[in-house]
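Right, one structure below, let's go through it.
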Amino acid sequence: MATKDPAVTTPDDSQLEAGRGNTGNNAGDALEKPSSSTGTMVDEPADPNVVDWDGPDDPEHPLNWSKTQKNLHLVIVSLFTLAANLAATMFAPGAEELATEFSITNSTVTAMTVSLYVLGFALGPLLLAPLSELYGRLIVYYGCNFVYIAFTIGCAFSTNVAMFLVFRIICGCAASGPMSIGGGTVADLFPQEERGKAMALFTVGPLLGPVIGPIIGGFVSENVGWRWTFRIILIFSGLIGVATVIFMRETNYTVLLQRKAQRARKETGNDKLVPKLTRNETPKQMLVRAIVRPLKLLIFSPIVLLVSLYTGILFGLIFLLFTTFPSVFQDVYGFSPGTAGLAYLGLGIGMILGLVLFSVLSDKMLKQKSGAARPEDRLILMKWLGPVTPLGLFIYGWTAKYAVHWIVPIIGTFVVGFGSLFVVIPGQIYLVDSFGAEAAASAMAANLLVRSPFGAFLDLTASPLYESLGLGWGNSVLGFICLLFTPVPWFFYTYGERMRTHFKVDL
């Protein structure tokens, strides 16, 4: 058994620590690995009224499910996040068409048709992540998909801008569910040494969705109108919803043990049976505590705050960069609107290459570490490859300013995509490994709470930024901002374990 990380403390720590060595692993290991029911690993006899897993090989424990079953869950959750993020930017090329149809003359209102959806990514997790940790992941997936489909239909058939904006932010809140609790599902299903590749696939949606979206949306809006962008998302989300109902099962350990205890009480007639790690709290107290968890992590954990700020800056810069593509590739290089959309492929290909490299190296490097792996070991690739992002911004900005051959600024965006992947994915895995299955959803919710407003509002600064400084210095400013955060993984790689010990967060 691995040691519970001091970054998370619960009233049951004394139970969790019994019989464990001091291996210094993550907070979720106490729940991730089924404990033996033989009593050979504990100093005191097990309470006969406490329902636990039936040993480390209990087939009901998600870590012991078949590889096919685990991967199927991972693919469905990853498709959820892809659909959510496609919708963030897929509509963007049709925003001007909507503005014309609804007689919108204010450019800020037009921008809000995109940014309000991303703002929903920050608001939804405050409720959805806690609900998943109290009542299970599956019911949240079901509910979010139902609401998302219903209000996507509303967007497709909106008759005025007020209706559209309200439906749009509700869609964003619903779409945030899989994004905030997906990390918890990954932590439920995969042990730490297999989590890198799994999290890489899960993060494909938030990274590639905004890149692919405008390419698809540009051709759809140009040929069949902006409303069809929502109909396509509706069809995609509906198919994912059907797959969820057919193939997915509950993975939350606490909920599974509660159900197991409920079955045991019914079968034995012993009403004293309780699941392991039960808290003596009312449902209202548990819900309030769970809702506060993401905020407590942001306030009291420097790790969560700084990693979330770093990933948020990168997320916002990518959205801001998108706003420059039409003017750069249409006005400077003379591309047609449809062809200009292909300029997004530079970012996308850079991310795909980074994703492949990360998937190959991350878990392999972790397994090669002598002794117990630390969550901080996830930051090695972030330390060395994250700093290439500002280099890409410098290349893109200055070559576009001087109209160097169009392939060179696209190479710059390729470098941005490659480098940003090595910030966002390691950052998220670091949070999941640090807090484990017990609090992964809350850690991801805290990350989204910081990250999403950057994506929603940073692009609104594009016009004043580039009008004042131009493409060269404008993108250089963004590059220098990225450089300011490059010491973050170096600092946490050296001092992260000490900080998790010092800054304990009572969840």
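Glycine is treated like the rest: Cβ placed from N, Cα and C.
The Cβ of N64 (N-linked glycosylation site) has 14 neighbouring Cβ atoms from other residues within 10 Å, across all protein chains displayed. Taken from Swiss-Prot, the feature N-linked glycosylation site applies to N64 (among others).
All protein chains included, N106 (N-linked glycosylation site) registers 10 other Cβ atoms within 10 Å of its own Cβ. The N-linked glycosylation site annotation in Swiss-Prot covers N106 (among others) and rests on sequence analysis.
Long-range Cβ proximity for N252 (N-linked glycosylation site), meaning a same-chain Cβ under 8 A and a gap of 6 or more residues, is found for S132, E133, G136, R137, G184, D188. The DSSP secondary structure for N252 (N-linked glycosylation site) is coil. According to Swiss-Prot, the N-linked glycosylation site annotation covers N252 (among others), on the basis of sequence analysis.
Summarising the annotation, Swiss-Prot assigns region 'Disordered' to 1-65.
Residues annotated as transmembrane segment in Swiss-Prot: 72-92 (among others).
Beyond the ends of the transmembrane segment (111-131), by six or more residues, the same chain brings 84, 87-89, 91-92, 95, 98-99, 139-140, 144, 161, 164-165, 168-177, 179-181, 184, 287, 290-291, 293-295, 319, 441-442, 444-445, 448-453, 455-457, 459-460 to within a C-beta distance below 8 angstroms of the stretch. The transmembrane segment annotation in Swiss-Prot covers 111-131 (among others).
The transmembrane segment annotation in Swiss-Prot covers 146-166 (among others). Through the fold, the transmembrane segment (146-166) approaches residues 84, 87, 98, 102, 104, 109, 112-113, 116, 173-175, 227, 230-231, 233-234, 237-238, 241 of its own chain, all at least 6 residues removed from its boundaries and within a Cβ separation under 8 Å.
Residues or ranges marked as transmembrane segment in Swiss-Prot (evidence: sequence analysis): 169-189 (among others).
The annotation transmembrane segment is assigned in Swiss-Prot to 200-220 (among others) on the grounds of sequence analysis.
What Swiss-Prot records for 228-248 (among others) is transmembrane segment.
Nonlocal intrachain contacts for the transmembrane segment (302-322), taken as residues 6+ away from its ends with a CB within less than 8 angstroms of a stretch CB, comprise 7, 89, 92, 118, 206, 210-211, 214, 344, 347, 389, 393, 396, 413, 416, 420, 423-424, 427-428, 430-431, 434, 443, 446-447, 449-455, 457-459, 461-462, 465, 478, 481-482, 485, 488, 492, 496, 499-500, 503. The transmembrane segment feature in Swiss-Prot is assigned to 302-322 (among others); the stated evidence is sequence analysis.
The transmembrane segment feature in Swiss-Prot is assigned to 341-361 (among others).
The transmembrane segment annotation in Swiss-Prot covers 379-399 (among others).
The feature transmembrane segment is assigned by Swiss-Prot to 406-426 (among others). Note on the transmembrane segment (406-426): residues 199-200, 203, 206-207, 211, 310-311, 314-315, 317-318, 321, 328-329, 333, 335, 343-351, 353-355, 358, 362, 378-379, 381-382, 385-397, 399-400, 489 of its chain, located 6 or more positions outside it, place their CB under 8 angstroms from a CB of the stretch.
For 429-449 (among others), the entry in Swiss-Prot reads transmembrane segment.
Distant neighbours of the transmembrane segment (472-492): 303, 306-307, 309-310, 313-314, 317, 320-321, 376, 379, 382-383, 386-387, 389-391, 393-394, 396-398, 400-402, 426, 430, 465-466, 499; these residues of the same chain sit at least 6 beyond its ends, with a Cβ under 8 Å from one of its Cβ atoms. Here Swiss-Prot flags 472-492 (among others) as transmembrane segment, drawing on sequence analysis.
Take the transmembrane segment (72-92) and the stretches 228-248, 341-361, 379-399: counting Cβ pairs under 8 Å, 228-248 has the most. Most Cβ pairs under 8 Å to the transmembrane segment (341-361), among the stretches 169-189, 200-220, 379-399, belong to 200-220. Using a Cβ-Cβ cut-off under 8 Å and counting only residues 6 or more beyond its ends in the same chain, the transmembrane segment (379-399) has close neighbours at 314, 317, 321, 350, 354, 358, 361-362, 365, 408-409, 411-420, 422-423, 426-427, 430, 471-476, 478-480, 482-483, 486, 489-490, 492-493, 496.
Reduced to three states, the DSSP call for N106 (N-linked glycosylation site) is coil.
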